[in-house]
């Protein structure tokens, strides 16, 4: 096998169009991201049809910019990695069809990547010496998982949400208290001005035999609190509501992830996904894990949000195992982690 394996990666599962060139799964030569946040902000959330159209408008330019920044041509690329699920089906299809076209035209192998696996693999970019096994908390707008990474590309899901994802709950609560979209960063910011002990919102605790999450109850409790305040004509302290809600979500995420670590006897927790940028989650996880002698690994913001570099990393580890994907592959919007 060549000393350097160059992956061109494409990500378009939601509202970011991204392309990257990644070498040997850990070195990023380029990572171009065209965000649609300003487009969807006025709608209060991502509009799938609008997202798909925006991907179509920019994907060619984004891929070319990724190659140019890396000073590569397609001849220098060994394989093309692309997200094929989970995500918005129309958005996924834009990136997938573009990648399939490149693979067909160049004869390069196509490697379909699970978006969640990509988030986990972002840690290999930031932490060059990281090797399995380790625990990973994946928290984003659409997904919440506790994953035990046994080996490269081998996962065991120990806990997942039974309803709303953590990031989804953040967005809905932010909308309810008038903060707008995207909710996660706005709740994080205003919470710094609030008292996290001001309001006691519930924590979803299941039986001891599961590490699953439920955030719909917390979300409903916040909405009920707001409705009661409004009906009584009482003033609502948005900062206190945001801080108290945030703490209730973070406490459950941290507690379950530490329990998972203890059950598998691992001493490393990697964090992935957009909600990993939340300052309360970072601080609480580091503080509580320190008490247990567990190391916490958190990538920088650019690798927490949706990006193609993480897809390139995951694709590399598939490539060296000799795995590639048929050009008949289709988008799988509800793809499960570990499915092929």
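Heads up, the Cβ atoms here are built off N, Cα and C, so glycines get one too.
Annotated substrate binding in Swiss-Prot involves 138, 139, 140, 141, 142, 184, 188, 278 plus, out of the candidates 163, 164, 171, 209, the residue 171. Site annotation (Swiss-Prot): Fe cation is bound by 115, 119, and the candidate from 306, 328 recorded at this site is 306.
Listed in sequence order, 11, 13, 14, 15, 16, 18, 33, 115, 274 are the same-chain residues at least 6 apart in sequence whose CB falls under 8 Å from the CB of residue 306 (Fe cation binding site).
Neighbours of the Fe cation site: apart from 115, 119, 306, residues of the same chain with C-beta atoms within 8 angstroms of the site's C-beta centroid are 11, 13, 83, 116, 118, 140, 143, 273, 307, 310, 311. A C-beta separation below 8 Å, combined with a sequence spacing of at least six in one chain, links residue 184 (substrate binding site) to 141, 167, 170, 171, 174, 274, 275, 277, 278. Just so you know, the Cβ of residue 278 (substrate binding site) picks up 26 other Cβ atoms within 10 Å once every protein chain is counted.
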